[in-house]
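Pulled from TrEMBL:
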- 51-70: transmembrane segment (TRANSMEM)
- 76-95: transmembrane segment (TRANSMEM)
- 107-128: transmembrane segment (TRANSMEM)
- 148-171: transmembrane segment (TRANSMEM)
- 183-205: transmembrane segment (TRANSMEM)
- 211-233: transmembrane segment (TRANSMEM)
- 245-264: transmembrane segment (TRANSMEM)
- 318-340: transmembrane segment (TRANSMEM)
Amino acid sequence: MEKETSSSSDVSASHVGRVRNRRRANEVTTDGNKANGQTLLVSDRNKYKSMLIRTYSTVWMIGGFAFLVYMGHLYIWAMVVVIQIFMATELFNLLRKSSEEKQLPGFRLLNWHFFFTAMLFTYGRFLSRELVNTVSSDHLLYKLVSGLIKYQMFICYFLYISGFVWFILTLKKKTYKYQFKQYAWTHMILLTVFAQSSFTVANIFEGMFWFLLPASLIVINDIAAYLFGFFLGRTPLIKLSPKKTWEGFIGASVTTIISAFLLANVMGRFQWFTCPRKDLSTGWLQCDPGPMFKPEHYYLGDWVPHWFPWKDVFLMPVQWHALALGLFASIIAPFGGFFASGFKRAFKIKDFGDSIPGHGGITDRMDCQMVMAVFAYIYHQSFISPHNFSVDAILDQILRNLTYEEQRNLYEQLGEMLGNLCKADKLAACL
């Protein structure tokens, strides 16, 4: 009796998401006809209310997102951090058992200790140059930040080891299995969720274009798949997610690829999107956008019918790269959603949470975004970012590995070398 009472209380308190109820064999639902390909989803009148709620939430989210884009890179980074905290909360609570937690006071803090240690390590690696550039005008603060960056890896390792020791010291008899399960679960969250979503921040500071375009394509693909599936969907796509249809998948793919090509041309016109942010300020950006964002002339000639009005078109080279992003967003990224669907079925929940009306939890909206963020970063580093040494890359190494005195010595030596070159060759740049 004691075991039965404990297990029932655990199940009731373990999930923050909405529980998926099993249907009985004699229950009649509209999903049966849909699965057989006989009924359109649009014929189900009960779905219109859900669609209206989902639409309101989507409009609010897009409006808030547009405001943060206007405010700048730093605010978007803050948004990503808040999203990561919400996602971690939803996933930490997924395996939480109240009966076990009562025997382990303070054990929940350990999850957040590892979370913020991972945050310090990841963002310390991604944003070290931007942080140093921000405080370079203050000599004392510059020396402090440079020292922290130099020993950042050791500091993070010490924090992680302290968490490891903390975990060992909190082990209690009869809760070993639960504690080790939580330890493994925490690390899985950090690897599969936090690490992937952190690539989003790297994309933001490489140029908002490389964050905004991939994120927008996922939103467009999601909305298009929902609308095509709602009005035209007949054929189920995958058993893991019965509401997904082939009609929605194909319609969304075509829409996303076309949108990628057009959006890249629009976003590529604004320096606010194309210029990389090299510090943590929020001021206006000005830079040379580079050849990737400069329109090139294409003469269509015999490729189009004689009645076609546009024989000459101007396209940016980045638009061809946008097609690759659009293809990935429409074909591969949805599998992040399928993975999340299978994950929720394994835990018998409908959504990870209920923080977004009509959508579920934050994690429900970010499953595809995480997959897309990693691809966008890797694609940019592989095909867009220059592979040779750059001034920024050399400065980053100097800031990481040299003390303030060594940096000043290097500066003085470079000054002497340039002075000698000017005297010998009478360079125009020295005048």
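Each Cβ is built from the backbone N, Cα and C atoms, and glycine gets one as well.
Just so it is clear, the model here is predicted, and its values are computed rather than measured.
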Note to self: Using a Cβ cut-off under 8 Å, which residues of the same chain at least 6 positions beyond either end of the transmembrane segment (76-95) come close to it?
What the structure shows: 14-17, 65, 68-69, 108, 111-112, 115, 119, 181-182, 185-186, 189, 193-194, 197-198, 200-201, 204, 208, 211, 347, 349, 352-353, 355, 361-363, 366
Next item on the list: Mind pulling out the one from 148-171, 183-205, 211-233, 245-264, 318-340 with the most Cβ pairs under 8 angstroms to the transmembrane segment (51-70)?
Entry: 211-233
Next item on the list: Using a Cβ cut-off of under 8 Å, list the residues of the same chain at least 6 residues beyond the transmembrane segment (211-233) that approach it.
Entry: 34, 40-42, 47, 51, 54, 58, 62, 69, 76, 200, 203-204, 243-245, 247-253, 255-256, 259-260, 263-264, 267, 273, 322, 325-326, 329-330, 333-334, 368-369, 372-373, 375-376
Note to self: Counting only residues 6 or more past its boundaries, what in the same chain has a CB within less than 8 Å of a CB in the transmembrane segment (183-205)?
What the structure shows: 73, 76-77, 80, 83-84, 87-88, 91-92, 95, 110-111, 114-115, 118-119, 122-123, 126-127, 130, 167, 211, 214-215, 276-278, 363, 366, 369-371, 373-374, 376-377, 380
Checklist line | Contact set, same chain, for the transmembrane segment (245-264): CB under 8 Å, 6 or more residues outside the stretch | finding: 41, 213, 216-217, 220-222, 224-230, 232-237, 316, 318-319, 321-323, 325-327, 329-331, 334
